[in-house]
Every structure is written in C-alpha cells, then in structure tokens.
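Note sheet for the following structure.
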Amino acid sequence: MANPNNNNDNKQNNNNNFFNDNPLLAFAIFSIVIILIFKSFVGEGESLGTMMNTQGVAQTKQVKYSEIKKRIEEGAVKSVKLTPSMVEAIIEDNGRKVRYVAQNVPTYDRDLIPLLDKKKISYEGVVGNGFFSELISMMLPILIFFAIWIFLAKKMSKGMGGGILGAGKADKLINSEKPDTRFDDVQGVEEAKDEVKEIVDFLKFPERYIELGAKIPKGVLLVGPPGTGKTLLAKAVAGEASVPFFSVSGSGFIEMFVGVGASRVRDLFAQAKKEAPSIIFIDEIDAIGKSRASGGQMGGNDEREQTLNQLLAEMDGFGTDTPVIVLAATNRPETLDAALLRAGRFDRQVLVDKPDFEGRLAILKVHSKDVKLAPNVDLEIVAKQTAGLAGADLANIINEAALLAGRQNKKQIEQSDLLEAIERSFVGLEKKNRKINETEKKIVAYHESGHALMSELSEGATRVTKVSIIPRGLGALGYTLHLPEDEERFLKQKHELMAEVDVLLGGRAAEDVFIGEISTGAGNDLDRATAILKDMVSVYGMTDVAGLMVLSRSQNSFLGAGAVSTDYSDKTAEAMDSYIKSTLNERYGYVKETLQNYYGAIDNMAKELLGTEVIEGKTVRRIIEEYEQEKGMPSRLAHKDKVAKNKAEADKKEEALKKEISEESDNNKEA
C-alpha cells in the first residue's frame, strides 16, 4: 500500500527540481516581484518629488480631489500644478502656505480649467513620467539584478562547473587525455600496486571477466598517511589501462547551493559511463563520506548527507558489465560511513603506507633521475637516514638538496647537500639571524652534550648523528639529531623506552650538574618523558600499576594521534601519577650519576660545541672513547660494534668507488 507521506515528499522534491532545472524561469519570477516592489516604493516617490519643489511651504496634506475643487471655488487657492494623474494646490491658511495634493484624479475633468480661469488662479502643467521614464523605471531593477547575476556566475564558474545557471553540472574531465603515469613511476608501495593490477586487467579486457561471471570490485579505497602516493597510484592505474581518468576532490561536491552536490555526483557518473571503460577518482572522500552516525549534522537535509546518499545510489546503479571503476583516497578511514564500505561499494581497501628502506631507495632513485648527482652520492645512506618519511617528503629532500647546491653555485648535488636537506626536514631551517648570548649558548651546549652522552651510553637508544647549538625551527636553540642507520624497526621493547627517557632527562641533568641551575629548555623533554611512562602504564601494560589492563584507548589515525578515551578511577589515576613521578626521579638520579662519572667528556664536548657550534656523531664517540681511555674505564659505548661494522662497510664502498673511478680514467686514456 502506498504511503501518502512518500507522495508528499515526492511532490516537494518535484517542486524543488522544477526550480533547479528551470533557473531562467525562477529568475524571471524573481525579477517581476522585485519590479512590483520597486514600483510601489519608487514610483510614488518620483511623482511626488517631481511636483514638490515649491519653496516656503509649511505643510503638505494628502486630500481628495473634491476637497481641492471646493477650495478653488472658495477662492482660497493661490496656484495649481497639474499632471495627468495628480493635482497640487497651494493654499493660504492664516498667513502660511499649505500644499494640498490629490492623486488619482479624474482623467477628463473639463470643468477644472474654466474654473481656474474664472477665479483667476495661476496654474501650470508639469510633465509626468513619460513612456521612456516608465520603461527605465521598469528595466532598471532587472538590469541591476541581471548584472549581479552575471558577476556571480563568472566568479563561481570555475568552481561550479558552468556557473550558477549550471550549478548542478560536474566540472569537465580533469584529464582530457589519458594519464601517462605508469606503475614504474610509483615506487615504495609494491603491495598496493599488486592489489590494483587486476583492475587494470579488467579495464583492458572486461569481456574476459564478464564471460566467467566474475564480479570485479566497483570501488577501491586507497588509505594511508599523507604524501604516500595515493593519487599517483590512481593515475597509474588509469595510465596502465589507457582509460579516461575523472578526478575530483571530495570537497568539490559541496557548494553554497542546496542540492548541487547530489546533482554533480549524478553528472559525474553519467560522464564516466559515456566514456566507459573509465576510472572515477575521488580524492579526500572523507569530505563527503563521513559517518552519518557521528552527529553534528543538521538532519536529513544536510548537503553533505544528500551528496553521500547520491554517491551510494550511483554505485549501486552500476551493473557488473559496466567497466567503470571508482577509486577513492583518504587518510581518515575511521571516519567513513559504514554504508560506503559495505560489500558492493568500496569493499576493497588498499593500504598505501610509508615505504620501508627498499621502497625509500627506489623512490629516491626515481626522483633523482632528472637531477645531477655527484659520483660520491650514496642514496642508500639517505634512505637509511629517512626512516618514517613518505614519498612526498623524499621528493622534497631531493629538490631541497638541488636548491642548496644551486645557491652555492655547484655543478652537482653532493652528499652534504642531501644530508643538509634531511636535517631541514627533521629539525627545520637554520635561524642564522637569531643571536643568543654567551650564557645561553653555554647552557645549550651542556644541555645538548647531556643528550648526546646518554644516547651513546644507553642500550636501546638511537646513536647520535649530529649535535648543534645553532637555532633551528620554531623554537629550538640547539638539537641532538638521531638518524637511524640500521634495519627497519617497527616495535620497541621496554628497555628501549626507558633508554629514551634517560636520553630526554640527560639535558636537564647536564644543566643541573654543570651549570648549577636548571632552565626552561628542558620543558619539552620532560613532557615527552612523562608521555612515554604514561603509555607504558596505560597502553602497553609494562608495569604493575594496572597490570595488563588498557586504561587509555586511542582511535587510530594516519594523521597522528586520534581521540584518546580514558576509563579508570581516581585511585588508579593517583597510582599512575605516583609511579610516573617515582620513575622519573629514579631515572633522573641514574642519569645525573652517569654524567658525573663522565664529567670530563661532557666538559670537552661542550667546549667543542662552543668553538665550532656543530659536531658530528663520530666526534662525540671519539671524545667519549678518549675520556674512557684516559680514566682507564671500560667502554660503555652501546653502539661500538655497530660503529665498527658501519665503518668497515663505508671503507669498502669508498675503496670500490675509487677503483671504479680509476678504471674509468684508464679507459678514457686508452680511448
């Protein structure tokens, strides 16, 4: 049985569609209403303004025409002005002039003029609004609003795909030609490429799958952190399949007009079907695909929700024989609506994650093809020192190194340029103009020396790459740089977390031991150390405070830490605070004792920093080794074996490079 409410809704939707589909008619109706309003206010004022120009009038009265004729017959009228639709009479009343105005007078009153002549009253005719004046008064508001309309249409045409009059139309095909990107251009995401290769095969040979009755996924969702190559991978799929590529951002569906998003989705899918086989790519789909259960929206009429509903309907409308694939990208998959991820829509999710060592090396090779590298450049070292960076970051490092080399008028990019670019990526730009006084420079030198010493002596810490007291970034007056040079690490053990805490406390402890007074420079270190210990208690179950209970739950997000929810009692919170405080005090005491045992090493390191402002990691290790030998102490360097191994590998590579250059030189001589 039909639902009458549905009929009413359909009627309302039809009415809305009528005005959306007939914008010119809507504009005409709107213009007529404006003209009527304009005439009612302006027309009368113009007529009155034309006549009311007599000076010395004390009062104006709106009266009937018969009242004016009566006054004329009484001889009280001094002068009269006439128009086809109005009569104005000036009357002397107790020594003051009063204007009587009568509107809508009879058109043919043949008695008025003879009466005025008989009473010897002066009169004159006033030219009213003629045909052209009336025409202008009617057309002026139309012209004004039409000019505004055209102005807005031109302003919004780029973003609206046809302007206001075509608000529902999708922008034209972004890539009018098929993309020339190939899978070889996308490196570091081999698993993701394998997942989407069957899509290419389906687009090239759809009949092969249709005959077998196979159902290819209608939608593939590419998820991963920013800068990992999701858009590039989507273009590569279209390029490999040689099909049209329709690309649009999720935010591009939402405009100021209600219903535009849904209409644009319909038009986009219609274009894709005409060009089939084809690919639709929706970047940042979370802009329109957020969960409807998350709240914060204004009911069923919300523009984003209408757009999402239309997208779901269009994806349901695909048949199994329609060779159109929808690719979408997001770095916030946890916010997407469940209906969008169900089977038959975006039922396949492909992780496009940050690359590992091999992936970073491949990406660096791709981006370094078009730049001139010096023979001594070792991209493997760069790949090892850029763990955790995405493909976009690596491309930026190559470009930044090229810019640095260009500023120094170099002919080739050297290894030092690449290392400086990496440093910029991790700790920011050098602040050469920020001058710090000698006292603060001394504090920073000992602070960073404390970090460096604990990094080298703590088992599980990352060894030092460089120590600097040159200000960088937003607020750092100095820094100790730790760049990984070993294998990829995905887990951290308890002793490694405690080593991080020791390294963070090393700066404050050095100030305490060598300066005799602490500064505000350790604020961020203490914050990070506290956060590590808190996670050990509430997330990792590494202490006896809560045992194996998880007290804090965070929502996974590729954009960093998501929302954290806590669910524990005040008593547990008190126990957690007590553990963190006691552990910090315990580790701080251990770090201070270690620094006192290596007093001379810290002192020498700080003096070296004050003299040169920057020292390399190998210099830090040399100073520590010399002090240990001087005092007859057993070596506590945690990375001694790794350093020896890396040095041997570096010497071997250098020897091979020299041999290669020598052989090339001999060949040139023979030629």
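A Cβ is built for glycine as well, from the same backbone N, Cα and C atoms used for every other residue.
From a predicted model like this one, the values you see are computed outputs, not experimental measurements.
For reference, Swiss-Prot has these:
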- 1-22: topological domain 'Cytoplasmic' (TOPO_DOM)
- 23-43: transmembrane segment (TRANSMEM)
- 44-130: topological domain 'Periplasmic' (TOPO_DOM)
- 131-151: transmembrane segment (TRANSMEM)
- 152-671: topological domain 'Cytoplasmic' (TOPO_DOM)
- His447, His451, Asp525: Zn(2+) binding site (BINDING)
- Glu448: active site (ACT_SITE)
- 630-671: region 'Disordered' (REGION)
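Within the same chain, residues at least six positions away from Asp525 (Zn(2+) binding site) with a Cβ under 8 Å of its Cβ are Leu504, Leu505, Gly507, Arg508.
What surrounds the Zn(2+) site, by Cβ distance within 8 Å of the Cβ centroid and not counting His447, His451, Asp525, is the set Glu448, Gly450, Thr480, Leu504, Gly506, Gly507, Arg508, Ala510, Gly521, Ala522 from the same chain.
Within 10 Å of the C-beta of His451 (Zn(2+) binding site) there are 26 other C-beta atoms, taking all protein chains into account. Within its own chain, His447 (Zn(2+) binding site) has Gly478, Gly507, Arg508, Ala510, Glu511, Ser519, Gly521, Ala522 as residues 6 or more apart in sequence whose C-beta sits under 8 angstroms from its own. Taking the Cβ of the residue listed as 'active site' as centre and 10 Å as the limit, one finds 28 other Cβ atoms among all the protein chains shown.
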